[in-house]
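Single-structure report; data block below.
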Amino acid sequence: MDDNEQFSQLRNVISTTASALLGIENLDKSILSSNSRYKKILSETIKNLGGDDSLVKLRKNFSNLKRQEESHDAYERYSGDDYFRNQLTDSRTTFRVLTYLSDEILKASLDDEKSNHDQGLLEFTNEEESGTKNTSSLFQGFEASLPILNERLENNDKNKYIKNSEGNDHNNNNDNNDDKNDKLFEFTNNYISSVSIDTEKISRSYSMKYLKTLSEDVLRKLNFTLIQEDVTKEEVEDLSIKLERLKERHQSACKRLETVEQDELFLENALSLIKDRMKFIQEYDLELESNDPEIEDINQNEKSYNEAKESNDLNTSQQNVEDLKPNTFVNNDKDVTVAKSEAIVSKVKTKNQKTINRLQRFYNEENRKSRKLPTTLLQSHYEPGTNIATIEKAHENGVYCMDFDMPFGTLCTAGYLDHTVNVWDLTRKVKVAEMSGHLATIQCMQLGSHYNMLITGGKDAMLKIWDINLATQLYQEDQSSIESDYNSCIHTFDSHSGGITALSFDSVHLVSASQDKTIRQWDLVNGKCIQTIDLSSVVKQNQTDIVNIPDFYSSSEPFVTGSLQCFDAALATGTRDGLVRLWDMRSGKVVRTFMGHTNAVTSLKFDSYNLISGSLDKSIRTWDLRTGSLSDLFAYDSPVYSIDFDSSNLVSAIGETSFKVYNRKDDKQWECVNSAEDTSSIYHVKYKNNYAVTGSNDGTIKAWVV
């Protein structure tokens, strides 16, 4: 064997060792098998490197070892284990480091034996004719990375020089240094192009020597480019694998965060419930005495439960043990429960009769909202359009009106032909209270933003203010013995002579609209009407065709005032003549009128810049409050029954199986659609902080991520 062949075999050995050091991250256990492909290549290399001179040199290198048996030629040993023994690591780890070959490097080694070792990747031959495609070797990849490494080292030296020259001024120019570092990072991660060829000079040249020299230079650069391509492809594949792993970890962390936030919301609700219960007991003096039969019954149940748990009796089933668990809400003695509930009602009545003005007493720190939004909202982990909660058959005849205070907070709903208000916990998706008192269908409602209160307006021409905390506490008692038409209602406004169709309130004043063609302003502290606006001379019947609202939703004709909103001294109203009016509540006069709708206005809302209204004319219009002009218009195939919006999104319900969403920032429209099994139509939608709640004509309530 001549020197060139021996040099080629030695290069293979060096290449395999270096590849093991660089590719240990993707080590495969199959490399350790006795019939591995690598073992065959290594044996072939050793055989080709045989000869007396090689063995003599090898034995001389081992002559300084302590033990004589370790100085034997490693190639003559039967197992080869001693060759991989050292004082730093075990033999298995050493074997992995020294013998690993990836499939790519192995293929490169085999192809390299068949190809010209010195000409690089490309030759003046057709790859299809040769049947093989050359790939870059480890040495070529190292050679191709040298220009990038040199540039990086030079830039690092420049960066150190800049930092040292700045000295004490480094802190003052911290922002400038950050910009320089960002640019440096961007530069070192970019591909360094080596293409600088004058194509015009080639077209004008007649020198074969020049063209031949240039051809060799172009071939070298093309080889370099292909090597860079191989290296970059491997880097991209490696990054793709890492990104996939990071994505899996991200999904796992999101699921864990969802569980933690659900526990956080549940515990906050439980803490709020405990505090409200304590306030309720203290306010009405309902604390149990030490000899109260309920305490004795609880202690007895606790004792029986512990005895059953400790006895390990084989005849006691798990269900029997569960039946013995203490229950602080349900008493086994029905007579005692009824008597206790009647006693509680009696105390509540007495307490309320002693109070001169229950409405004034309500506005205190105890009734302020204590719940706050979690730091990271759950809906941020869901895709937009996801239905995250469903309450089926919340009402028998369809949802007529509703409102909620915050995502995963409290939801209040009323159904068509239903005289009661249901209160729901959106976190647990359960009903926590029920408030009765209206004599007809409840047509509008609004939850307080600062106090745990709800104001409702009904077809019975009455407005009622409800104490949500008190209603929740009384709902825990035996419903058969408690008259609920008075206890959780703080105050009733009864000056209207027609059904209440719309209401709005802020911290001080309440404004309501009625079918008696009046708008009244109320003082929420003393409960008195302080202003009345007559609409009989302003609102006239629209001459266009009237689109009737479905029977479950309304009467045979639209409301005189379909919607209103007040803020401070400003009031906006939408009426059945299709006009949207802005009022000054201090003077009771119209200051601006928005004309454009051709049918009754069903809903509206305004912020600091825009007023948006929906109408039975199948359109939504956006008005500029500063100029009074129309700034946007949306047309649909069905009448618009409900809208809501914030600075990000506008949502609307048009009586279809989906509700519409318009992204105000990206100027895009999309929709949240019911499942294929749910054919109910959505007529009501409320929206806050990317969280929407919808009500359908079959009584279903759903929560969505928007």
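Backbone N, Cα and C define each Cβ position, glycine as well.
For 227-264, the entry in Swiss-Prot reads coiled coil, with the evidence type sequence analysis.
The feature region 'Disordered' is assigned by Swiss-Prot to 160-181 (among others).
Summarising the annotation, Swiss-Prot assigns region 'Disordered' to 305-328 (among others).
The repeat 'WD 1' annotation in Swiss-Prot covers 394-434. Within the repeat 'WD 1' (394-434), the DSSP-based counts of helix, strand and coil residues read 0 helix, 23 strand, 18 coil.
The repeat 'WD 2' feature in Swiss-Prot is assigned to 437-476. With a threshold of 8 Å between CB atoms, the same-chain residues lying at least 6 positions outside the repeat 'WD 2' (437-476) that come near it are 273, 276-277, 279-280, 329, 348, 359, 362-363, 367-369, 400-405, 410, 412, 414, 416-421, 423, 482, 484-494, 496-505, 507, 510, 512, 514, 516, 522, 524.
If you look at the repeat 'WD 3' (495-534), the same-chain residues 6 or more away from its ends with a CB under 8 A from one of its CBs are 357, 359-360, 363, 440, 443-446, 448, 450, 455, 457-463, 465, 559-568, 571, 573, 583, 585, 588. Among the features that Swiss-Prot reports, repeat 'WD 3' is placed at 495-534.
Sequence-remote contacts of a segment are chain residues at least 6 beyond its ends whose Cβ falls under 8 Å from one of its Cβ atoms, and for the repeat 'WD 4' (554-593) they are 501-506, 509, 511, 513-515, 517, 519, 521, 531, 533, 535, 538-542, 544, 546-548, 599-606, 611, 613, 615-617, 623, 625, 628. The annotation repeat 'WD 4' is assigned in Swiss-Prot to 554-593.
Per Swiss-Prot, the feature repeat 'WD 5' maps to 596-635. With a cut-off of 8 Å between Cβ atoms, the residues of this chain six or more beyond the repeat 'WD 5' (596-635) that come close are 542, 544-547, 549, 558-559, 562-565, 567, 572-580, 582, 641-647, 650, 652, 654, 660, 662, 669.
Annotation source Swiss-Prot lists repeat 'WD 6' at 637-672. For the repeat 'WD 6' (637-672), the DSSP counts in helix, strand and coil order read 0 helix, 21 strand, 15 coil.
Mean pLDDT for the repeat 'WD 7' (677-706) in this predicted model: 93. For 677-706, the entry in Swiss-Prot reads repeat 'WD 7'.
Outside the repeat 'WD 1' (394-434), and at least 6 residues removed from its termini, the chain residues within Cβ reach (under 8 Å) are 262, 265-266, 269, 369, 371, 373-374, 377-379, 440-449, 452, 454, 456, 458, 466, 468, 471-472, 474-475, 479, 484, 488, 552-553, 683-684, 686, 688-691, 693, 695-701, 703. DSSP assignment over the repeat 'WD 4' (554-593) gives 0 helix, 23 strand, 17 coil. Each residue of the repeat 'WD 3' (495-534) gets a DSSP state, and the totals for helix, strand and coil are 0 helix, 24 strand, 16 coil.
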